[in-house]
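A.B. asks: Per TrEMBL, domain 'YknX-like beta-barrel' is recorded for 1-70. The feature domain 'YknX-like C-terminal permuted SH3-like' is assigned by TrEMBL to 79-133. Summarising the annotation, TrEMBL assigns region 'Disordered' to 138-159. What TrEMBL lists as compositional bias 'Low complexity' is 138-150.
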Amino acid sequence: MNEIDAAPVQTGQKTTLTFDAVEGLSITGEVVEVDTLGTVNQGVASYDVKIAFDVQDERVKPGMSVSVNIITESKAGVLLVPLTAVKTMGTNSYVEILVDGQAQRKTVTVGSSSDTTIEIVEGLEEGEEIIIQTVTNGNSNTQNFNQNQGDPSRMMRMF
């Protein structure tokens, strides 16, 4: 694992592993060791991380490619929005809401984020709809997103 991704990883964190060679196989586990000394190859430091599987599966062989999700942070009761919905101007973050048919900026304070979502700490209430700008094939579409959608209880980063 590269040094940037390894920095927040600690023993005891929960994991989910999926194997390219075994379709549909997903195994949960836990980080049991993170190397303290990295290996440098072409100027990039990487760290070995050992994971104990919760269950064993005979289809898993040494050397198989695996994708691992490590839950590095977990919060309950947070308000999450798509990362693309939050915009910045200078040092301020904001989202756009629809008021009387017009887009209006609303300043927010952000917290933790994943690759796809970001926590809103202040400035937006649960249930408020925000405007998300999407671009598909060069066409711009506006979508409303209600924060009640999805399960905001976990934030994951894919490694």
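Keep in mind that glycine also has a Cβ here, set from the backbone N, Cα and C atoms.
Those TrEMBL annotations? Automatic predictions, nothing curated.
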A.B. asks: How many of the residues that make up the domain 'YknX-like C-terminal permuted SH3-like' (79-133) does DSSP mark as helix, as strand and as coil?
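C.D. replies: Grouping H, G, I as helix and E, B as strand yields 3 helix, 38 strand, 14 coil.
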A.B. asks: Write out how many residues of the domain 'YknX-like beta-barrel' (1-70) are helix, how many strand and how many coil, based on DSSP.
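C.D. replies: Secondary-structure breakdown of the domain 'YknX-like beta-barrel' (1-70): 4 helix, 32 strand, 34 coil.
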